[in-house]
Amino acid sequence: MTLVLAGALGLASPLPAYAAGSAANDGPAALGGKATAVTLLTGDTVSFRDFGNGNPQYSVDAASRSDGREVGFHAEGDVDAFYVYPSDVMPYVSKGVIDRELFNVTALSEQDLDDKSSDELPLILGYDHKGHRSDRTLTRAADSLPGTTDSLGLSTIQGAGTILDRDKAAKFWRSLTRDTKGAKLSEGVKSIELDQRVSVDLAESVPQIGAPDAWRDGHTGDGVTVAVLDTGVDATHPDLKDQIAKQANFTDDESATDGHGHGTHVASTIAGTGAASDGKYTGVAPKAKLLSGKVLNTEGDGTASWIIAGMEWAVENHADVVGMSLGGGPTDGTDPLAQAVDELSASSDTLFVIAAGNSGPSRGTVATPGSAASALTVGAVDKSDQMAEFSSRGPRLGDYAVKPEITAPGADIVAARATGTTMGEPVNERYTATSGTSMATPHVAGAAALLADAREGLRGQKLKNALVSTAKDGGSAWYAQGSGRVDVPRSIGQDVYATATADFGDLSKATEPVSRDVVYTNDTDAAVTLTLASAVGDQSGTSAEVLKLSDDTVTVPANGTATVTAKVDGTSLGRGTYGGVITASAGDVKLRTPIGFGIRSNHKLTVKVNDSTGKPSGFDWIVTLINDSYDPDNPNGDSSYVLNTSGGVASAQVPDGTYTAITAVYEGDFGNWVLDRVSLVTKLEFSVDGDTEITLNAADAVETKAKAPKATETRAHWVSMNREYANIPGKFYAMYENSGGAYPIHVSPTAAGKLGYLAVMDMWTLAEPKALKPVENNAKLEYSQMPGYSYHLPFYYPNGVPDTLSRTVSDADLSKVYTVSHADNPKAIYERSWVSHPSNGSLVSASKYYVAPGKSVEYMLVDDKLTWTRATTQLYYPSAGKRYYQIQWSWDRFTSGGSGPDEHWFQAPSLRGGAVDLRREFLGNPAGVSTAVAFARGGPQNGEFVPGFHTLDNSDGHFMTPNGQSDLWSKWRMWNADTGAEIAADWKYVRWPVFAMSSKAANYKLEAVDQPIARTGDLFQTGTKATTEWKFSSAPSQTAVPQGYTCGVLSDGGGGTCQFQPVIQLRYDLSLDVDNHAPAGRQHTITVYAGSHSQVAERASVTRIDVRYSTDGGKTWRTGSPQNKSVNGQATVSVDHPALGQTDGTVWLKVSAEDEKGNTVVSTVERAYLLK
């Protein structure tokens, strides 16, 4: 995996811009990277581009601050979670005032909270507890803040859910941080958390849990109210039309009706009448009444605030049971959703029955709100009462609590199908089948309704105790099944029950046995004597004789209770997860109480963080602690820890092992965030076998420096540090710091790692000194004229940091590239991002700066261990708030000194095609970066053809990826030329059509009209339309994809086989100046290159190239001279440009070519270049 954070700390650095109305996420990763933009709470925008190889690259666009101060960025994380923190938010995150997940750009994107998916950011604002505030008061307070809408007061947690308009995020941030000192917010706001996205957790099951036995005894749920908080219900469905007592909608949908199908399926499992199936698909409690609270929208998604509001509504409407077949991510039960469940459970007699989640079989994956202590959390079993693989397992994060407590059938469940929906696998018009803990949960909610009907005295937690303690053992581990599968007949007929669970928590610090009481309740008129037993073991099942009960038997009086004390002595145990069950029996009476505990943290680790003077750091931040001893197969302890510092000290309880500690130490004027220096400090592979103290001392760090042969100024400076996780292949922690040259970066010298590498990249961009000036219509951005020369110097240290980081390079260390950066529009600017990473793909750093178009000499540091991903973005701001852009890529290696071939960026015309030969040095590189084939066939049975989806200029190795709605760029048509039949385009891959090809050898005709929408503004004035016809032959093949490429969209069903086809592509060298003009009134020489991709099997030579041109907009055409010349697939011709006044100021080209096998191309390019 490689990561980049390219941006500026102390310098504004904009993300590539998008034309108004275009999309920010463009295309599959293999096409050159899927771009994702995420605007943060502070208004800053982070973009990252995923190349599909685990190597995302990041960049930052800083929002302006009201006081004009420059803002910095600190980034760190790993492949699972990458955080980007603006400097002015770091104190709030450190103190827990602002949720750090608001800066987890990985998770925000996964929750569809990137800028393309949503122009809003859902928040939960916590308010101070100076008197209990009502929902209405909290709503008004949240709505009064800039940029907030649709606020929802949540008095249960003394907070409010609100929606922040991302365009107003900077103003919102300013309103909460002005006139405040320290890490405090204004306007009465105490905290800001991400309003987490929550989603749905996707004939024999009702008898499986014994519900018909209860019906025969007259218990059908009559008189019991069950609230279903889900996607709404289809109240017109025959199974539900008489069941719904009340509905409410808390989502952004207009209607409370179910447009997804999940809620209807769940509701009918609870209380469906089976009317549409003659009773075959009757729900568990068919006489119960339902409240339908729509808290998830038609897409099956919702927010924590919607769900909390729905829970409050259900309690206010006297629901006896609330069924919630939904969930977010795994938590320790202290998040807002789980807190709300516990608060409402404590203040009412309502039982919340909640899905465990579908992230099994991994342990510790029970999702919120099922992680709430008071929730009855439900896992799923199949028809044989065996755990479903998808069912989330416990124990609960943090304290080893038993979760889930119970299971129910959740595999292939048939229930009502909402009108017009296709969720699951439809059985018929009225029913559909699907699987998940979502399907198990309504079985338990229905069982709770039956039990509440049968035993009026049982409500709330008593219902939970009775259901859990009477469950049937399915033979699975306690952290998977809890007590076991819900057993309706036993729960109703037994009238004796016990405490649901006994959770002992983390016993790491316990020096003596820890006790928990188990209460047995007897609702019969005769005393019951129970025989007690217990079984406890570790997570592998090995027995651990550490639990003792106060009695071997206990007599529970008639209509009374009795208490048994369970003691666990964990002092002799090693770290691990432990649990089991306490059983009680008397004849037919059988009770089960599952237990859980763990030994996590044995020793106190204290980390002191000192600045460069040896004093405690004046800025509280975080220390990342990497557990070098972490065993993913026995995950006791965490793979890493985040320690917050206070007064320069951080601490944590950790198990025995070897650790690496990393932090960034900031020094300067923190009030105005003016930095003097930053130090990246590491303590590598130290042991903890008792209470331990270490010091991370910035005074030990040495300054990074770079010097080039010519006079320079620093245009960008990055240092990145990566630490490999020793026992988790492919995973590492990364930290990035960028000064932009505004202040020095220091790094502590470190020996080579033995349990995993510690790599450092020190990346410099140095350039000829040039004055900076602001970009018109973008006050944040500064650029210079193109420097005459620049140096790109990535100093890479693959394992360990030397004692000195001062480097001087000579001409012999450099590869020299003469470069011309073209632009049609003289007001366009270039964003240059030269990204270098090691060949093993383990580390990336980047530089970024802004220049006008022009000519320059680029000097690249020669290093055969490094691969380069170079991105050049052309930007144009026609007015404030509006921008157009196009990004172009080149992947390279610079392995030898001297001069390389000249390079032209964006030389006209840029046209649609398939990426042709990458630079020779790049092919076969071990970094894992590749691009997708185009003009190629593959896919199922090698029967699909994909046309060209890159946009190419006229330098080898350059290619562009589509921006926005690329299906609008080109209109493609294809025919089988042998039969004359047109082949319909299949848009199953959304942005790129594929065409079905014959299973036999055949001839084809392909047509394209290319009008790139991202170039319709004033940014591009050349190549505005191209009309092309190709004729080529093709036959099925099973040849593997060429090295350096992927099959891309043709990978689906293709087994890794795909082939370039003999489609002739045209490239042009038009000898243009920087602004893509040629002189009028004189003869001009142009060169045309023609040929199919070099990787085409038995590639044919091009034998003919004809060139015609027009200087009056295509009204008349003239022939270039000489004609019919093709030498090695290229033809050089002369064209006569009339005086400018005799032209329309442009030159159109019409080129045809043919190879020796009869494959042809004819292409007309409008406005191929300009005249002056």
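Positions of Cβ are set from backbone N, Cα and C atoms, glycine also.
According to TrEMBL, the feature signal peptide maps to 1-19. Taken from TrEMBL, the feature domain 'Peptidase S8/S53' applies to 221-475. Residues or ranges marked as active site, charge relay system by TrEMBL: ASP230, HIS262, SER438.
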Alpha-carbon distance [HIS262 (active site, charge relay system); ASP230 (active site, charge relay system)] in Å: 7
Alpha-carbon spacing, SER438 (active site, charge relay system) to HIS262 (active site, charge relay system), which is rounded to whole Å: 9
All-chain count of other Cβ atoms within 10 Å of SER438 (active site, charge relay system): 31
Packing count at ASP230 (active site, charge relay system) (other Cβ atoms within 10 Å of its Cβ): 30
Average model confidence [pLDDT] within the domain 'Peptidase S8/S53' (221-475): 95
For SER438 (active site, charge relay system): DSSP state (helix, strand, coil): helix
